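As given in Swiss-Prot:
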BINDING   C325, C329, C332  [4Fe-4S] cluster binding site
DOMAIN    311-591  domain 'Radical SAM core'
Amino acid sequence: MKEYRLTDWLPTTKKEVELRGWDELDVILFSGDAYVDHPSFGAAVIGRILEAEGLKVAIIPQPNWRDDLRDFRKLGRPRLFFGISAGSMDSMVNKYTANKRLRSEDAYTPDGRPDMRPEYPSIVYSQILKRLYPDVPVILGSIEASLRRLSHYDYWQDKVQKSILCDSGADLLIYGMGEKPIVELTRKMKELLPAEDASLTAGELKKIAGTIPQTAYLCRATEWTPAADDIQLYSHEECLADKKKQASNFRHIEEESNKYAASRITQEVDNKVVVVNPPYPPMSQEELDHSYDLPYTRLPHPKYKGKRIPAYDMIKFSVNIHRGCFGGCAFCTISAHQGKFIVSRSKKSILNEVKEVMQLPDFKGYLSDLGGPSANMYQMKGKDEAICKKCKRPSCIHPKVCPNLNSDHCPLLDIYKAVDAIPGIKKSFIGSGVRYDLLLHQSKDAATNRSTAEYTRELIVNHVSGRLKVAPEHTSDRVLSIMRKPSFEQFETFKKIFDRINREENLRQQLIPYFISSHPGCKEEDMAELAVITKRLDFHLEQVQDFTPTPMTVATEAWYSGFHPYTLEPVFSAKTQREKLAQRQFFFWYKPEERKNILNELRRIGRQDLIDKLYGKRNK
């Protein structure tokens, strides 16, 4: 087990800054999460990236915004900027359930305390810093800011909100994975400094704001000159007046997010213009390795000694092997934030991190996950990448697997076997969700098909901790098409394979399917049929959720506007509490307390034929 000193973490207090012998800081980061020095926690990654650039960086985790604001003053003014991360989750998803009830636990806070971050920390922290230090640049990052960079529907306010740049007063927003833009930003900032001991002002930042990819900023409409190839969205005011325009905007936003080479996007709001610069091309393997190979302690800061951080407990024995997801699910923000192009770490970097994990206290030889946004997309990309560079499809596997996709599972099998061969590793489990549509896909390449069959058996026999998570999400092909998910028949086919391999290997593992109710396009009748089908398959569902509209997804825009952003055709969504509960109850057809309501609902919608299938003829 490694021994660490306090100075092995980035400083969080004046005393820790002084322990390093520093008398000033270049960058001060504020985070809505506790400080865990681990590559799964965004503030730690950005802090370490900036440290590797030779900057003096401190992190102030979960500052108190309700007192005399001493946490915002205690380290003074940085030379370059304040950086703000609301945390690893959108703060409103973190604080509220799909029914807008306050959650009792915050997984990213010591002992799960639910009161250590405000709603919208991106706005609250930024406004405080602008009040205290009006001329110091404030840079927003994290998923909360990233997905609110343009006009967006906010479920908790139940209205279309302006770009978060408007309400926060921040000077610049970095969207997506922030390593490349933050490095370029700081390098250009340093070039602007007139002397070694000088500080940068917000006014000086404006000189370079338009030159940094993957950032967004505000400027006065009178100062803005659009380029011919800019994509000019409907203004915020037009979107407020016409829901169809808000839906139409989203198609452009998503398509540009999924392009290899995107256009600049602009949107007018309040006599200003939000300018969203195109993203960087995907990171190289070397760049991703660099981010993960930085000197993380992989531990919570010592200030939390004796306290449990639930989110850390979940991932402390896991290793992330790639970024990006080309699934393009309509309700998911991963591709909007990480992109659809897969960037994979090298085998050497992964194995080095596994060896680091093995040094952690309490490690007993079991890795909880070797995965990413999806379990089985490692090193997958286009056979001809020139085709990918012209493509704007949101998904490489829906409605069908792209013929240009190389779905070879051999590189992933090689990683699993190399990890399991390390002395001291007893078992590596796969906790990420498995895309069974990739496992069932029949490529024109026989070797690829053999690798897929081998991977399927290897996964089920050696990497399941008793239960394998998969996400069919629904049984209705119509709803699944809106979700951009494969037909439920594919899940049934995969279940047969799973059950057969379990019989052959004398295993007693469970397949755990995840389902969503109240998704746009889903009606009570669809949920009733879901209940009948899952009963036939002998599932008593546990992993279920109501659809929660979160910013910057196709499903959210359809839910709010009533129109599908790509077709502008009307889409039904369950919105009232009664409509949502009427759908949700069908997950639990097997519970005696739900039976009466379900029977009444089936009669109300004229589907008495399903009563026999759920409960038998005597209940008609």
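Just so it is clear, glycine is given a Cβ too, placed from its N, Cα and C backbone atoms.
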Determine, for the [4Fe-4S] cluster site, the additional residues of the same chain whose CB lies within 8 Å of the mean position of the CB atoms of C325, C329, C332; present them in sequence order. G327, G328, F331, T333, I334, S335, P373, S374
For C325 ([4Fe-4S] cluster binding site), list the number of other Cβ atoms lying within 10 Å of its Cβ atom. 24
Name the residue among the binding-site residues C329, C332 whose Cβ has the smallest number of other Cβ atoms within 10 Å. C332
Per-residue pLDDT averaged over the domain 'Radical SAM core' (311-591) comes to what? 97
